[in-house]
Amino acid sequence: MWLIVGLGNPGDTYARTRHNIGFRVVSELAQRHRLEFTHKRAHARIAEGIIAGQRVALALPQTYMNLSGQAVVGLRQWYKIDPATELLVVYDDVDLPFGVLRLRERGSAGTHNGMRSIITLLGSQVFPRLRIGIDRPPPAWDLADYVLGRFTPEQEAQLPDIMQKAADALETVVREGMAVAMNRINAPPPKPKREQKRSSDAPDSSSDTNTSNASDG
């Protein structure tokens, strides 16, 4: 099975903040598969069901961000999972540009207090995670104020597409495994094809002479 945990803070006050993008993506995945958060256990709201033929539990910790590890450790014990292969944590990352997704099988917490809590209480950095870029704060901003602030209207308009892609990434992990998902999600976007143009000194194509094309740039 997979335990997929979205990180965030409970309550309407925080619902649309940058720090709650993990909540929103996991909720998007639940809505897509018509799973409802009807269970409460280990300080988390839980939706259980089947995705891509695999048993899954989707979790939204209710401990507030800095204590996320309490919920994750409790759920690990409840479901008897191996975090290295059956836990997937979804969270915001200020070290990635806005909207960029990155899948990793292990790693440090960086500046993220929720991840720091999970790593500390699990006693391991070895568990999969999906990081969602929210960009760095402006130089004069306090980090806490930034992550607890809302996205700009321009960013908010892009979020539905970003959350769809993030939910797609989670489905790929469940269906095909981390190796396939990482190759697909972490691959750089394809470079646009360079437009071909006729060399300025090439003969006109209407003539009987051969023409030549040169790459732009």
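The backbone N, Cα and C atoms fix where each Cβ goes, and this holds for glycine too.
Source: prediction; values computed, not measured.
In sequence order, LEU7, GLY8, ASN9, MET65, ASP92, VAL147, LEU148 are the residues of the chain that are 6 or more apart from HIS19 (active site, proton acceptor) and have a CB within less than 8 Å of its CB. Under the heading active site, proton acceptor, Swiss-Prot lists HIS19, citing sequence analysis as support.
According to Swiss-Prot, the tRNA binding site annotation covers TYR14, TYR64, ASN66, ASN113, on the basis of sequence analysis. Here ASN66 (tRNA binding site) comes close to ASN113, GLY114, SER117: these same-chain residues lie at least six apart in sequence, with C-beta atoms under 8 angstroms from its C-beta.
Feature annotation from Swiss-Prot assigns compositional bias 'Low complexity' to 202-217.
As annotated by Swiss-Prot, region 'Disordered' applies to 182-217.
Residues annotated as site 'Discriminates between blocked and unblocked aminoacyl-tRNA' in Swiss-Prot, with sequence analysis given as evidence: ASN9. For ASN9 (site 'Discriminates between blocked and unblocked aminoacyl-tRNA'), the Cβ neighbour count at a 10 Å cut-off comes to 21, with all displayed protein chains included.
As annotated by Swiss-Prot, site 'Stabilizes the basic form of H active site to accept a proton' applies to ASP92, with the evidence given as sequence analysis. There are 25 other CB atoms within 10 A of the CB of ASP92 (site 'Stabilizes the basic form of H active site to accept a proton'), with all protein chains counted.
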Around the tRNA site formed by TYR14, TYR64, ASN66, ASN113, list the extra residues of the same chain whose Cβ is within 8 Å of the site's Cβ centroid.
ASN9, HIS19, THR63, MET65, LEU67, SER68, GLY114
For ASN9 (site 'Discriminates between blocked and unblocked aminoacyl-tRNA'), name the DSSP secondary structure in the helix/strand/coil scheme.
coil
According to DSSP, does ASP92 (site 'Stabilizes the basic form of H active site to accept a proton') fall in a helix, a strand, or coil?
strand
